[in-house]
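This report refers to the structure that appears directly beneath it.
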Amino acid sequence: MRTLLLALLPALALADTPWHVGVGIADCTGPAAEVVMMGYASNEHRTAGVHMRLHARAYVIVDPSTEERVAFVNADTWAATEAVIQGVESKLLTWFQGRYYSRRNIIVAGTHTHHGPAGASAYMLFQFSSFGYVDQSLQALVDGISEAVWLAHNNVKPAHIYTGSGMVDNSTVPGCPQNCASRNRSPTSFLHNPEEERTKYFGDDNVDRSMDLLKFVDAETGEPMGTINWFAVHPVSMTSDYDLISGDNKGYAEYIFEKEINGPSHLQPAGRGPFVASFAQGAAGDVSPNILGDFCTDTGLSCENQYSVCWQNGQPKNELCRSRGPGRDSFESMKIIGERQYSAAKAIFDQATQPLGDGLGYAARFVDLSKYYIEKNGTWAQTCSPCLGTTFAAGTADGPSAVNEFGQNMTPSNGFLQFIAHMISLPTAEEKACQAPKNILLHPGGMNVPYPFFPSVLGFQLMRVGNLILVAVPGEFTTMAGKRTREAVKAVFVDAGVVNDTAMVVMNNVASGYAGYVTTIEEYQHQRYEGGFTAYGPHTHEAMTDILVKMAEDMVANKNTFPGMKPSLPSKDQLMEGQTDVLVDDPPIGGSFGDIKQDVAGGAHSAGETLRCILWGAHPRNNLKRGSSFFTVYRWQPINASDGNANAGKWLLYADDNDWDTRFGWKREGISASLVTLDWTIPAEVEPGWYVFHYSGDAKKWGGAITPISASCSIFEVVSSGGSAKMAAKSAPEAAVLALAELKAAQTKPQEPLEPAKPPSPRRLRGSEELHQ
């Protein structure tokens, strides 16, 4: 694609000239019930509520001297699939009438959470677990990402951009152990890389613990606007045993950074504040957050290191080998790893004073990776038609497969399963030779009915803003693969004098599409999970690096990069949709929507307690509540704070299902009834007073009409930690009871739908918003 003359202007002086910058955040949470989650490839891992909502965070950067611009979006999702990106591109072209944004100058990336809804890919392999395409999953991402860009575009203002770098270790996180927030989950593969190279880049370590960061500051007010950092770690603190939607450790880090700057949720509800923080993904292909190691669930002993299996009666069992995080459970591990990323980012952010410099450039290219040739040692090497190895079927200790016949770096013991896989698409002798030493399980490159199983044409993107070079890749590069590519790209810019040796070169995994893993050629020989999922053969990494280096060479030479042809995806009508619509919602027999099955416990309560209310609701797929909430905690605010009886006042939002302390759960009861569980763990900084849980849903009637429903649990009192939580229950203020009834009535009024062709108006901020008076 087009590159810009300004890409040639050196960022050597690193002048602190203001850019024009806009930031935006929008909800991209998909269906919260009965949809398989994407990442663990288990059709039993289905959404059943929300722990924390998913968001898209957008940044628009404009060079004021030329009006040229770039945009970067970091979304809480498994990957920025080609279907999502093409949907966003189409929507933005319509909204902006063909101006400003296209695939050339906007990078869309995923954080790689494994706790978001599946079904947003147009390739069949990534639809297996979800039994097909899921329209709600795709549209929630397309709409949320597009809205975030729209908000950022309309929020552009003069801003300074500063850079900072540091290590996620005890230098930024006091008291942190060596494996502070990350651990290499395939250390035996890493050791196959040359010792000299390992020592040069990582010393005696085997992961990249560096974090690179951008800091955006309003040029007029000096107030922070936002930040982006890149750090390599899988967001798999939450295991497949949990069924609530979550951004995992990166989502939690984003939440607490934004809360730190924007204020607590009752002043500025999460996901709606002016300061936007992105924890973007790095080269995390072999990097786990489960830092304690891999252990056998039956014995508690460490797993066998080379194969990541546990032996039982002489047989290897990879399903028994599970990685372990630092917490007592997945929620605590997610919190710890998220906090450590946040602590490092905040320390770097506070010290970031190096101006970004000048110059802006971008390039994008589509390449068929199934037949790409590279020159190597005086001869030609080529990539292969995509195939997956038997070690791919083993999974990892972060999410092991239940098919024990396939272990990492092992020859499969079950020839019958391999025979069945080969019958689906038999690899040729040429493909076996091309992929060697991979033991081929599946040949998705040869499977195109009813539509392609796996991508052959991939998108690559390169972006330079001042002294930052961003490399967007459609896969999961391992630690060493990512480092080699970054160094190769950086050398092009440094040798051309476009940037100096201090340039910050970052790689964003799972951006610009998704096509599995990318290992070095040495790691590929070891054929653990990552090598088995390196689809285009042993030269995959060299080919992708060659593509990106050529794009960099075009950029510094002010040449137009040949764009190639973007992949043609099947239309919605051609896609197989495995998710059926909600047929109908019924209240319990003899009851009504909103009836309480289990109320909040009586008496006064204090910080640290978890309160629960269970009531009869409706299916969450009737309305995804993007930009809203299924579950809200309100606090009664007396008009006169000294009025202990609170005879007059208003209900104010205190927390909702964007917050860490809340959990919204859903369960089907019988054929068409729904039980909703509302949990709130009272935070340490809670304000004493009267509180209430409120549920908002939408019920589908026979015939298809959908109507809003709402319900509230009993009002309860929270006392200070110094008070007695065992005191006898008092009656809630009469004014609060009356106001709550009016609030419920207001919540059940139908909302006017947005006109589909128009971009949404920016949602007004709800900090200290009065919900009723």
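Backbone N, Cα and C define each Cβ position, glycine as well.
A TrEMBL annotation is a machine prediction, not a hand-curated record.
The annotation signal peptide is assigned in TrEMBL to 1-15.
Here TrEMBL flags 20-544 as domain 'Neutral/alkaline non-lysosomal ceramidase N-terminal'.
Within the same chain, residues at least six positions away from TYR517 (Zn(2+) binding site) with a Cβ under 8 Å of its Cβ are GLY285, GLY475, GLU476, PHE477, THR478, TYR529, GLU530, GLY531, PHE533, THR534, ALA535. As annotated by TrEMBL, Zn(2+) binding site applies to HIS112, HIS234, GLU476, TYR517.
SER288 (active site, nucleophile) falls within a strand when secondary structure is assigned with DSSP. Annotation source TrEMBL lists active site, nucleophile at SER288.
Under the heading domain 'Neutral/alkaline non-lysosomal ceramidase C-terminal', TrEMBL lists 550-718.
Here TrEMBL flags 747-773 as region 'Disordered'.
A simple Cβ count within 10 Å picks out one of the binding-site residues HIS112, HIS234 as the most packed, and that one is HIS234. Within 10 Å of the C-beta of GLU476 (Zn(2+) binding site) there are 27 other C-beta atoms, taking all protein chains into account. Shown in sequence order, GLN281, ALA284, GLY285, GLY475, ASN509, VAL510 are the same-chain residues outside HIS112, HIS234, GLU476, TYR517 whose Cβ sits within 8 Å of the Cβ centre of the Zn(2+) site. Note on SER288 (active site, nucleophile): other Cβ atoms within 10 Å of its Cβ, all shown chains, come to 26.
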